[in-house]
């Protein structure tokens, strides 16, 4: 059920029977209209004859049939109801609603496919975040900061991510809307800020897709250089396009399998690293803590150790990137009220175990003074710079480097696949919120954001820049393309925390207690910690980027490759601000929504809190009868 405040009448209206069980209502309505003689189309075939399958496949790309959505009832008074179209329908009458109410309704009732489960949310986020940042770039970070410095930075950034994801989980549980955290900025802060955040976040993933295609293709050169990388770009491009044409469920299932393989590879390395460090490899010496002590190693880099740690913060934040996708997938989840918080816990604990354990073992197995750590290649995928591979080579274990290279290829392709999902869902919200071309909101009959997919597939063709002679030229192009949105992840994380604070502030302003009406409530200190910690990260990164450690003077090119996203973000905000002033009559001095203007009910996923509390109490009783190890598992998972 969606509740709304009608701005014109001053009365509370209620649009019921949509959001809570969207797919169930759609199926029920389809069967009802069929029995009464109404026609409704379905993307799924009624038979498995090849001709019918082909026709069904072609029809699935047509615009979503909004007549299949259940109608809603506008309860004008306690006695009078009026049948209306579903809010997702383009013909729905929004004339009686404010722009803010329209934004909330249109994103909350998105007809995107809703088939994802908790396991999908978990593995989508894990798949996007376990990438080359851990497998390869961690080597360069180790060389800069030393083993203890790297561990401190990784734990610090991880704590910021945990606090931010806690804030996101609260909002996503109450408002599983299209665009998730980018839409929340519109609802709780300001539309111009939302415009800047959304487009920069989308651009980050739009460019990531072709970059990962190129990186995976160049990684093939570890085995052979006789085949041009463009051939592998084509193969990988077609595979990812094909996967995403399966829809969100097919994408999620494939991503889950690939992510499990990546996790197994990381676990396998950690076991191997323990064997190497303890001298378990035949013919190899005992390493122990030698790489944490001089002269072979040390706890920190001896040259400007603190600045070295500040310098790698952005690399570590990049390695964690993608963990927020569980919130983006909330609108396509069958049961967000239970799935989102479970996914948050599973993602965080698994990431911390896999990442922190891996970072510790890297520090023990490889000295930060190892020369090979410094160069990760033009596209950051030189397998020889991976601390995992360096440890294996130093232990003189044959064949495993090739297996590790295969894991790297699978990893970057998985991130490329996730980038398609992330960019298209944000672009779809941009279209729905009228912050971009209308075709971005086009959703086909299989619930795929086809307009956005076409944009992302077009960006994927940038991967053919690899055909330019010499690797350095295309690498430089991608470096500058990525720099356009280089800070988008950090600014997006700040916006999540600000939105959670604004939502709670609006609740308090109305004398409403979060614990009395929200299924999951994040501690407010998480948001405050996330905001101040990210501001500190940006400030320290600014200093380290402008004056790189060991350089002795300012490096303008290095600085802008990291901080160019800041001015771009400001220009996006300013451009939308001027547009709003000239065409929408929004005063230039209005920088954010007031507490009175924030609508905390429109578009919100309504739940029977008492029923949920009763279910939780019953689950606790059942849990008490389980063995201690099972209770411990459920606590963290």
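Using N, Cα and C of the backbone, Cβ positions are placed for all residues, glycine too.
Automatic, uncurated: that is what TrEMBL annotation is.
Values in this document were obtained by computation on a predicted structure and should not be read as measured data.
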Stretch carrying transmembrane segment according to TrEMBL (options 325-346, 347-368, 369-390, 589-610): 347-368
Segment-level pLDDT (mean, integer) for the domain 'Amino acid permease/ SLC12A' (120-580): 86
For the transmembrane segment (258-281): best-contacting stretch of 148-169, 407-433, 477-498, by Cβ pairs under 8 Å: 407-433
Remote residues contacting the transmembrane segment (407-433) - C-beta distance under 8 A, at least 6 residues beyond either end: 103, 106-107, 110, 112, 124, 127-128, 130-132, 135-136, 177-180, 182-183, 186, 191, 194, 198-199, 201-202, 205-206, 208-209, 211-213, 215-216, 219-220, 236, 239-240, 243-244, 248, 251, 254-255, 258-259, 261-262, 265, 322, 325, 328-329, 331, 381, 383, 386, 439-443, 449, 451-453, 455-456, 459
Residue numbers, six or more beyond the limits of the transmembrane segment (121-142), whose CB comes under 8 Å of its CB atoms: 150, 153, 215, 252, 255-256, 258-260, 262-263, 266, 312, 315-316, 318-326, 329-330, 333, 339-340, 342-343, 346-347, 350-351, 354-355, 358-359, 362-363, 366, 368, 372-374, 376, 380-383, 385-388, 390, 404, 407-408, 411-412, 414-415, 417-419, 421-422
Cβ pairs under 8 Å between the transmembrane segment (148-169) and the transmembrane segment (562-584), at least three: no
